[in-house]
Amino acid sequence: MADSKYKPAPLATLPSTLNPAKYDLSLETRKAQIERLSIRARLKLEYLLQYNDPKRQMHIEDAALIHWAYARSTNIYPNFRPTPKNSLLGVVAAFGPLIFWYYVFKTDRDRKENLIQEGKLDRTFKLSY
Amino acid sequence: MLKIIIPSLMLLPLTWLSSNKNVWINVTAHSFLINTLAMATLWQMNETGMGLSQTFYIDPLSSSLIMLVIWLLPLMLLASQNHIKKETDYNKKLYISMLIILQTLLIPTFSANELMLFYILFEATLIPTLVIITRWGNQTERLSAGLYFLFYTLVGSIPLLIALISINSSLGSLNTLLLTLSNYMLNQSWSNHILWLACMMAFMIKMPLYGVHLWLPKAHVEAPIAGSMILAAILLKLGGYGMMRLSVILDPLTKSMAYPFIMLSLWGMIMTSSICLRQTDLKSLIAYSSVSHMALVIAAIMIQTPWSFMGASALMIAHGLTSSLLFCLANTNYERIHSRTMIMARGLQTAFPLMALFWFLGSLTNLALPPSINLIGELLISISLFSWSNFTILLVGTNILITALYSLYMLITTQRGTLTPHMINLQPSHTRELTLMMLHITPLSLLMINPKFIMGNTL
């Protein structure tokens, strides 16, 4: 139906099946969709060939998974280029919290120490520390 | 003490002279027998500890750690049987010898009476570990992992050597018992600050502290299973043990010098726990969780209160057993699919129900579930940190939350959900593997009942 009651919301986008513009796509988007679908179909065919092979003894090796795991773990630094912005960000993120928490704890403990030395802190029940 | 060290040393001729089909069972059985001898050291009757000789001294802090070392050797042997079986017999015996040498060096390390002897053995344990990581690791990155491991530790420990020599020349002796009685007060001066840093940095790097922790994920991930077990369970605790021993001579400077390290520990705890949530590599996740737990121990040792030392000792033992258990579980995964990627083998609860029980118990103890000893350690440390300064509860509480998150994330990703459909080569759990897990869980469970053995010497 052209006039669906479903309205998209910020966290719930319109699914493609309810989008009446699904069938009015331009030629380029259609070509891109066909290309993606053909890659998917080829990969699925390879997977199914291996999955249903009666002589298969081990699990199916997914090259994409291996590349993804490698990229996430070992291949980050070679693709990193230090720029002023991300160097500054690194220094702020690395040392900023440390300095912040140092001042929080130092002021808190100095305040407590001053209270103790003035005798104003009630430590009657402080048995275990 | 010799009745523990000489049998451990004699395990070496046992490996080399046993016939090839009896090597594993001989060494494993005899190392279990050494355990029965060593359990006698747990019987600590008074607060002065057991002064066994002029060189060896076991107090309640050392006894639990020595027990952990000796308990772990048969477990390491059980864990290594599978991945070593394809090597030549000579290599198998060499591997077992490395593990035995490591244990023989670690037992005197924890019971050394002199700090200089402790230092020499501390350094000596690096060599077998380096050999295990670089020779028997699985990926090519093991070479850089070994380098990182060796040089990070050495950079910290050369200043420690110089500091120990200078303290020896000024005090006359480095006997741990005499040092507690000496009046060596460190005043506020630049050279004393450098002395404090020199003493502590080696152990901070070993623990590891958050800023210098980079060697740990590499070393843990690239090491074979026995290497990971001994690294996570014992070698990290060498740092904690050394810090506890040296802190008697480093007062009162510790009150001001400790701040940067407490900050690094508290913030680093949260940072490394958060990184665990984003890990794809299972062993890397467990390695970062080790950093997070040890940061709690560093913070506890830095604030030097009785409860914090109790919590630190308890957490060291509890974490040693839990981390070793998790590494063994990850290794059972690795031996079947030859990959450490977590999402590759999912839904394992359907395939291995009994192993799923051990995954479950391991994850629960990792997130410090009551009444496990991990909780006792973390709780004592949290309470003592809270009395140090009230705001630490924000950081420690956040860390407890994130620890629970990543432990459950690891459990759910590997165990729950549907089994990966194309995994048809999953061999059932070997009895050896289940025995290994059971031997990890048994001390963890039994110590819940009587945790005073692991609470250290301020109990």
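These residue numbers are counts, starting from 1, taken along the chain as shown.
Backbone N, Cα and C define each Cβ position, glycine as well.
Among the features that TrEMBL reports, domain 'NADH:ubiquinone oxidoreductase chain 4 N-terminal' is placed at B:1-108. Positions annotated as domain 'NADH:quinone oxidoreductase/Mrp antiporter transmembrane' by TrEMBL: B:112-402. Taken from TrEMBL, the feature transmembrane segment applies to B:23-43, B:63-82, B:94-111, B:117-137, B:149-174, B:194-216, B:223-244, B:256-277, B:284-303, B:309-330, B:351-369, B:389-413.
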The domain 'NADH:ubiquinone oxidoreductase chain 4 N-terminal' (B:1-108) resolves under DSSP into 81 helix, 5 strand, 22 coil
Any residues 6+ beyond the ends of the transmembrane segment (B:284-303) with a Cβ under 8 Å from its own? 204, 207-210, 213, 216-217, 220-221, 232, 236, 239-240, 243-244, 247, 254, 258, 261-262, 264-266, 268-269, 272-273, 275-276, 309, 311-312, 315-316, 319, 323, 326-327, 330, 340, 342, 366, 377-378, 380-381, 384-385, 388, 392, 396, 399, 403, 406-407, 410
Let me check one thing: do the transmembrane segment (B:223-244) and the transmembrane segment (B:351-369) come into contact, meaning three or more Cβ pairs under 8 Å with sequence separation of at least 6? no
Intrachain residues whose Cβ lies under 8 Å of the transmembrane segment (B:389-413), provided they are six or more past its termini: 266-267, 269-270, 273-274, 276-277, 282, 285-286, 289, 292, 296, 299, 342-343, 346, 359-360, 363-364, 366-368, 378, 381-382
Which bits of the chain, at least 6 residues beyond where the transmembrane segment (B:351-369) starts or stops, bring a Cβ under 8 A of a Cβ in it? 289, 318, 321-323, 325-326, 329, 332, 375, 377-379, 400, 403-404, 407-408, 410-411, 414-415, 419, 423, 426, 428-429, 433-434, 437-438, 440-441, 444
Give residue numbers and ranges for long-range contacts of the transmembrane segment (B:256-277): same chain, 6 or more residues beyond its ends, CB-CB under 8 A. 188, 193, 196-197, 200, 204, 209-211, 213, 285, 288-289, 291-292, 295-296, 298-299, 302-303, 385, 392, 395-396, 398-399, 402-403, 405-406, 409
The mean pLDDT across the domain 'NADH:ubiquinone oxidoreductase chain 4 N-terminal' (B:1-108) is 90
